[in-house]
Every structure is written in structure tokens, then in C-alpha cells.
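Note sheet for the following structure.
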Amino acid sequence: MSFRVVRSSKFRHVYGQALKREQCYDNIRVSKSSWDSTFCAVNPKFLAIIVESAGGGAFIVLPHNKVGRIAADHALVGGHKGPVLDIAWCPHNDNVIASGSEDCVVKVWQIPDGGLSRTLTDPVVDLVYHQRRVGLVLWHPSALNVLLTAGSDNLIVIWNVGTGEVLVRMECHPDTIYSACWNWDGSQLVTTCKDKKIRILNPRSGEILNEAIAHEGSKATRAI
């Protein structure tokens with residue numbers, strides 16, 4: 001005599017329910033950029049979304065409570081000369097956000113507490129070093145004013161945002177860098193690359209501590 005054991009799940013009777021339209025963010029023209037990066041970033045105060053923009057790159061910043069239909073002429077953060085490819089909120093200051101773009105420039109912005117009342121085109125600082133488009137921006141989890149950027153020039157650059165100076169320059173990737181992630185205290189860094197390898201790096205020296213082949217497929221891999 002055979003019998004089946006049915007496993008019970010704590011999620012068996014859990015279901016999702018879509019919010020009403022007036023409680024959503026509506027009428028936002030989300031970017032169609034092909035770069036595999038963060039088009040949306042959220043912190044305790046704001047929501048930021050990379051949007052389609054004529055004549056350069058831009059993203060919209062909204063306070064959490066500004067829901068409903070967003071006006072087509074809503075103020076943007078729009079100082080880049082090319083499409084914005086990645087954005088990241090500073091973990092140490094909820095009013096500071098960094099953006100990387102096809103124009104090879106990284107910009108750091110200060111957002112007012114109530115959000116934007118007019119389009120913002122003047123960043124706090126421009127970080128200029130990369131020779132090709134910048135598709136990855138990543139703040140250090142524990143050190144203030146430290147930002148990592150990576151681009152199609154296969155470089156990782158770690159910046160002191162306060163002074164605009166390059167702290168570390170890493171040239172250990174032979175191909176496009178897909179993603180990067182700090183460990184909890186920022187003492188190590190893991191990256192994924194188009195050459196299908198994952199690498200663990202010392203962010204102070206740029207030394208490769210370990211590396212291995214990840215997935216065999218051709219799709220981009222991501223370190224989280």
C-alpha cells in the first residue's frame with residue numbers, strides 16, 4: 001500500500017493584491033536602456049527612476065507619498081549629456097544619489113528634503129576618469145564618501161567623493177564588468193565579468209584574492 005505525503009506550506013493561502021491605480025506611480029516613461037543595471041533605486045525618503053529624456057540622460061526623484069499620475073513636465077535630475085545607465089542612493093545620507101552615464105561621467109547629486117521643485121542640472125561633484133560609458137555605481141557600505149564605479153573601459157575606480165579624487169584604480173578585468181558587490185564591511189569586493197569569471201578583490205590594493213568560472217552561459221551574471 002502506497003501513500004503520498006502532502007507537505008503543508010505556510011504560504012499556501014497567501015496571495016498578492018495589486019494596489020489601486022491612484023496608489024501607484026503612473027505616467028513615468030521608464031528608460032529603455034539596454035545596460036543591465038539599476039533603473040530604479042529606493043531609500044527611506046525617495047524613489048528614483050531612470051527615464052527617457054531628449055537631449056541627454058535624466059532620472060526622476062519622487063518622495064514616497066507622491067503617488068498617482070505624475071505630470072509629464074515633472075522636475076528631473078538632468079545634467080548628463082548621454083543616457084543615464086545606473087543610479088545609487090548613498091547609504092549614509094538619504095539626500096545624496098550618484099548616477100553613471102553613457103557620457104563617461106559620474107555625477108553626485110544633493111536632493112532637497114521635499115523633493116525637486118525644478119529640474120536639477122548642477123551636481124555636487126563630477127567624477128571624470130572613465131574613457132567609455134559608466135554602467136555601474138556602488139557606494140561603500142561603511143566608509144563615508146567612498147564610491148565605486150565601473151564602465152565599458154573594463155576599469156573599476158574607487159573615488160573619494162568629498163575631494164573628487166581617485167583612491168584606487170583596478171585593471172584586472174579583460175572584458176566588460178557586469179556587476180560588483182561589497183561584503184558587509186567593505187573589506188572585500190566580488191565582481192562578475194563577461195569572461196564568465198567571478199573575482200574576489202582587495203579594494204585597497206586591487207589584488208585578486210580568488211577567482212573562478214561562474215556560469216557557462218552567455219547571459220550576464222550578477223553578484224548580490
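All positions are counted from 1 along the displayed chain.
Using the three backbone atoms N, Cα and C, a Cβ is placed for every residue, glycine included.
Now, the feature entries from TrEMBL:
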| type | residues | note |
| --- | --- | --- |
| DOMAIN | 4-68 | domain 'DUF1899' |
| REPEAT | 77-119 | repeat 'WD' |
| REPEAT | 127-169 | repeat 'WD' |
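Nonlocal intrachain contacts for the repeat 'WD' (77-119), taken as residues 6+ away from its ends with a CB within less than 8 angstroms of a stretch CB, comprise 31, 33, 35, 37-39, 41-46, 48, 50, 53, 56-63, 66, 125-128, 130-139, 141, 144, 147, 149, 151, 159, 161. Taken together, the residues of the repeat 'WD' (127-169) have an average pLDDT of 97.
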